[in-house]
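Before any comments, here is the structure.
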Amino acid sequence: MQIIKNESINQIKARIRQQTLKTVDPQVENRVADIIATVREKGDVALKSYAKAFDDVSLDVLKVSSSQINQAMKSVDPEVIAALEKAAANIRSFHQLELQTSFEDSPRPGVLRGTKVTALSAVGIYVPGGTAAYPSSVLMNALPAKIAGVKNIIMVTPPQKDGTNPVVLAAAKIAGIDSIYQVGGAQAIAALAYGTESIPKVDKITGPGNAYVATAKRAVYGQVAIDMIAGPSEIGILADDSARPQDVAADLLSQAEHDVNARAILITNSEKLAQAVSDEVDKQLLTLPRVDIARAAVDSNGFIYLVDTVDDMIDLMNVVAPEHLEIQLENAYDYLAKIQNAGSVFLGKYASEPLGDYLAGPNHILPTGGTARFSSALGVWDFQKRIQYLDYSQAALSDDASDVAALAREEGLEAHARAIEVRQS
Ligand SMILES: NC(=O)c1ccc[n+]([C@@H]2O[C@H](COP(=O)([O-])OP(=O)(O)OC[C@H]3O[C@@H](n4cnc5c(N)ncnc54)[C@H](O)[C@@H]3O)[C@@H](O)[C@H]2O)c1
Ligand SMILES: N[C@H](CO)Cc1c[nH]c[nH+]1
Ligand SMILES: [Zn+2]
């Protein structure tokens with residue numbers, strides 16, 4: 001990892017902003033625009049042809065049958081099923097707390113105001129599956145949608161040579177999802193946004209994916225809703241001399257191994273830790289099965305920033321706005337109040353990031369590329385919407401009529417004023 005030292009805070013901020021811009025690639029944008037246009041024009045034919053081109057899989061049918069799902073459930077190691085069940089229970093209990101409920105008030109006699117919360121009707125959940133299968137992303141996507149009460153959940157995941165990964169199908173079964181299509185990448189997002197002969201069009205698309213998936217979600221926004229830009233994984237770590245280099249390096253690599261475009265950033269006030277972590281990363285890399293992916297990520301997006309104070313460290317990390325933020329400082333909880341921008345925060349030396357990826361309960365579908373400045377973790381709220389309503393009595397309308405009419409005429413909107421006044425006669 002590159003160690004950046006002897007630079008001013010402003011110089012480092014400029015560097016970080018420059019690196020964040022790199023997460024939007026114009027070449028990927030053009031490729032994705034082309035894929036979306038082709039899926040809109042050719043539907044299932046385009047999906048099957050992209051499955052062959054990008055995933056090297058020839059498909060007759062896109063939908064996974066219920067017998068395949070049931071068979072998968074039986075074929076998976078019971079220990080893995082038990083771990084999935086435990087994760088599902090934790091994710092459910094955490095997300096249950098996010099459920100928004102309807103409310104109403106009556107500010108005075110004759111006036112009733114309210115907000116009715118409903119579930120979205122149809123959502124598409126993207127489960128990544130290019131370089132690895134992600135059963136955990138099935139649970140993270142589907143369980144909040146279920147808690148919200150979404151009736152129609154369509155899951156898409158890239159096709160695999162030997163059929164969809166059985167653990168992914170088992171996770172779908174545990175989450176209660178039975179509408180699963182073998183389609184990935186930008187073409188899957190296009191199919192969910194516009195519909196094809198096999199795949200129904202949805203109201204919102206959620207879920208993580210690589211740069212093609214994230215760029216496609218950005219491109220179809222407006223035609224459908226999206227949850228956020230949840231692209232290649234990122235980790236930012238704030239650590240001082242009290243942290244163990246081997247822990248910090250292991251956690252940096254845990255996200256680097258996701259994608260060649262993953263980002264791994266350490267900000268520290270300790271030169272000793274900076275050097276030790278850099279050495280540890282080089283050492284631990286060599287023993288990872290996904291060494292090529294992790295090395296590419298670390299070489300292009302792995303940085304260690306050395307600054308003077310903990311306040312500077314936090315200030316810079318708020319500019320990075322990482323998907324995951326670990327605080328490996330003494331009394332980590334005390335720093336939480338100063339964190340403005342991060343997808344999810346892991347406090348102290350034992351809250352290692354993969355706990356959140358799999359089991360603890362908070363969601364692992366999180367904003368990347370600096371979008372944690374304005375986006376949040378996937379939650380039940382993403383699958384709910386709100387309808388406001390109003391009820392007035394004749395007397396209450398009379399009380400308010402002249403004020404509404406005055407404001408309407410001030411805006412030059414005479415028909416508005418008359419709609420109120422016609423009820424006075
Ligand atoms: N931010 C989050 O919340 C979060 C959570 C989990 C995973 N992730 C990220 O999800 C991603 C998973 O990536 P993945 O690649 O393994 O699976 P993926 O499902 O995201 O992407 C695979 C698909 O990408 C498309 N593709 C690949 N190369 C292409 C090319 N050259 N042109 C056009 N399309 C192409 C193919 O259709 C392929 O099926 C990683 O980046 C990981 O970091 C992010
Ligand atoms: N770290 C990923 C989010 O960036 C989530 C994940 C799934 N499996 C393992 N990790
Ligand atoms: Zn991960």
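Here, residue 1 is simply the first one shown, and the rest follow in order.
The backbone N, Cα and C atoms fix where each Cβ goes, glycine too.
Curation does not apply to TrEMBL; its annotations are automatic.
For Glu323, His324, the entry in TrEMBL reads active site, proton acceptor. Here TrEMBL flags Tyr126, Gln187, Asn210 as NAD(+) binding site. Taken from TrEMBL, the feature substrate binding site applies to Ser233, Gln255, His258, His324, Asp357, Glu411, His416. The annotation Zn(2+) binding site is assigned in TrEMBL to Gln255, His258, Asp357, His416.
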Minimum Cα separation from His258 (substrate binding site), reported as the residue among recorded positions Tyr126, Gln187, Asn210, Glu323, His324 that achieves it: Asn210
Fewest other C-beta atoms within 10 angstroms, as judged across His258, His324, His416, which are the recorded positions: His416
Position of peak Cβ density within 10 Å, selected from the recorded positions Glu323, Glu411: Glu323
Least Cβ-crowded entry, counting other Cβ within 10 Å, from the binding-site residues listed as Gln187, Asn210, Ser233, Gln255: Asn210
Where the C-beta lies under 6 angstroms from ligand 2, the matching recorded positions among Ser233, His324, Asp357: Ser233, Asp357
Listed recorded positions with Cβ under 6 Å from ligand 1, out of Asn210, His258, His324: Asn210, His258
Densest Cβ neighbourhood among Tyr126, Asp357 (binding-site residues), 10 Å radius: Tyr126
Rounded to the nearest Å - Cα separation of Asp357 (substrate binding site) and His324 (active site, proton acceptor): 10
Contacting recorded positions, sequence order - Gln187, Glu323, Asp357 vs ligand 3, Cβ under 6 Å: Asp357
Recorded positions near Asn210 (NAD(+) binding site) (Cα-Cα within 10 Å), from Gln255, Glu323, His324, Glu411, His416: none
Span of the NAD(+) site, taken as the largest CA to CA distance across Tyr126, Gln187, Asn210 (Å, rounded to a whole number): 13
